[in-house]
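What follows is a single structure, written as structure tokens, with notes after it.
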Amino acid sequence: MSEFNFISRLHNRGLISHITNEDNLSKLIENKSISLYCGFDPTEESLHIGHLLPLIMLKRFQIAGHRPIILIGGATSLIGDPSFKEKERVFNSNYNVNIWTEKITKQISCFLDFNCGKNSAVLLNNNTWFKQINILSFLRDVGKYFSVNTMINRAAVKQRITRPDQGISFTEFSYNLLQAYDFFILNQQYQADLQIGGADQWGNISSGMHLIHRKTKRVVYGLTVPLLIQSNGIKFGKTESGTIWLDSNKTSPYKFYQFWMNIEDANVYYFLKLFTFIKVSEINKLEKNKNIKNQIINDKSLLAKHITQLVHGKEKLLAAERITKFLFLKNTTHIEESDLQQLKQDGIPFIEVSNVKDLQEALVLTSLAQSRTQAKNMIISNSISINTEKIRKNHIFHEKDKLFGKFTLLSRGKKQHSLLCW
């Protein structure tokens with residue numbers, strides 16, 4: 001297989017976990033434009049960074065001339081995918097799913113081009129066909145093609161079945177058939193020959209390929225991207241303070257940017273290959289120089305810039321960079337009121353104040369100091385700053401200390417900060 005074909009380039013970036021009939025799929029997509037799809041169940045009001053790889057994969061295919069189909073699981077989200085889940089999901093209401101569908105649709109729409117000719121992206125909702133099918137038709141037309149023996153041995157659900165304290169309901173057990181039917185419908189009506197997803201979706205994707213082959217004798221394909229696990233065993237995108245969301249109202253662009261700045265050094269160049277469109281040859285050159293002073297930090301910044309702009313746009317990237325310079329480089333020149341609102345949202349601890357008189361009191365209130373005595377000693381030792389300016393004696397707050405009349409940044413050393421909100 002040529003090292004220059006599309007599938008080989010995906011391998012070269014470490015983007016493929018599973019793939020079926022690789023040679024045939026590679027020939028197919030080199031010879032014609034295909035349609036492919038990826039599904040997203042609206043089980044929350046926002047997608048998170050665990051969804052980024054499939055979204056970016058769709059974008060890569062579109063850039064290569066193929067038509068991406070995004071399937072919103074308006075129906076399947078009412079059931080919930082049990083794959084590798086330790087316990088049964090809590091059912092979501094129709095009301096919530098409808099609201100979440102609207103929000104997630106807007107998020108996803110920013111990633112792809114919906115007006116570029118034959119390979120314009122398509123956005124669908126599987127509620128369109130599931131609301132039209134009755135249970136008897138589904139069991140006859142779909143269920144008869146699946147062996148329960150095979151289904152219970154799938155790794156995605158086997159751990160639940162073998163746990164007497166949990167088990168799995170018939171409702172969740174049937175999810176596999178619902179997703180298989182999605183692939184069948186998209187293949188029949190939209191000529192989707194490929195489904196992509198996370199590695200945990202391999203069982204569901206395989207079921208879709210099986211159903212299509214049994215009903216139509218057609219050969220279709222599946223491809224999954226890696227599931228990323230951090231060194232502590234936690235799924236990528238989870239932090240001590242919670243999930244990193246794509247919605248700027250749930251995770252500010254600044255916090256999103258900082259997440260990438262704080263990834264483990266060992267992952268920097270791998271993530272540049274996974275999440276950016278920078279050429280692999282250029283990334284390899286950067287990696288060769290990683291031991292040069294500040295090179296890793298610069299390359300983390302490159303990663304953070306690319307992904308923040310992809311998800312949030314240029315303006316919010318610039319805001320994240322301004323806030324970073326404000327906190328860590330003491331640069332207040334271009335800081336804006338909206339930047340400080342981001343810090344208040346989730347960037348650093350904050351407290352609402354009205355009548356705080358002096359710095360020692362404020363340090364105790366913000367827990368930067370445990371007592372006024374400790375606060376006094378920290379001030380004397382030159383470790384306290386107000387709005388990035390060092391303070392060497394106790395300070396009475398004035399209007400000039402309030403940025404935009406609302407905010408005062410207190411810092412202890414380089415890494416501990418708190419925001420006074422007046």
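From the backbone N, Cα and C atoms, a Cβ is placed for every residue, glycine too.
From a predicted model like this one, the values you see are computed outputs, not experimental measurements.
In the three-state DSSP classification, Tyr175 (L-tyrosine binding site) falls within a helix. As annotated by Swiss-Prot, L-tyrosine binding site applies to Tyr37, Tyr175, Gln179.
Outside the motif ''HIGH' region' (42-51), and at least 6 residues removed from its termini, the chain residues within Cβ reach (under 8 Å) are 72-74, 77, 80, 89, 92, 97, 99-101, 103-104, 107-108, 198, 228, 235-237, 243-247, 250, 256, 259. What Swiss-Prot lists as motif ''HIGH' region' is 42-51.
Note on the motif ''KMSKS' region' (235-239): residues 48-50, 227-229, 259 of its chain, located 6 or more positions outside it, place their CB under 8 angstroms from a CB of the stretch. Summarising the annotation, Swiss-Prot assigns motif ''KMSKS' region' to 235-239.
Sequence annotations record features per position, and here Swiss-Prot assigns ATP binding site to Lys238 based on sequence analysis. Lys238 (ATP binding site) has a Cβ environment of 15 other Cβ atoms inside 10 Å.
Residues or ranges marked as domain 'S4 RNA-binding' in Swiss-Prot (evidence: sequence analysis): 357-414. Summarising model confidence by region, the domain 'S4 RNA-binding' (357-414) averages a pLDDT of 95.
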Distance, Lys238 (ATP binding site) to Gln179 (L-tyrosine binding site) (CA atoms, angstrom): 26
DSSP-assigned states of the motif ''HIGH' region' (42-51) in counts, ordered helix, strand, coil: 3 helix, 1 strand, 6 coil
Whole-number Å value of the largest CA-CA distance among Tyr37, Tyr175, Gln179, listed as L-tyrosine-binding: 18
Neighbour tally for Gln179 (L-tyrosine binding site), based on other Cβ positions within 10 Å of its Cβ: 27
C-beta crowding around Tyr175 (L-tyrosine binding site), within 10 angstroms: 23
Residues near Tyr37 (L-tyrosine binding site) in space but at least six apart in sequence (CB under 8 A): Pro68, Ile69, Ile70, Leu71, Phe183, Leu186, Tyr190, Ala192, Leu194, Gln195, Ile196
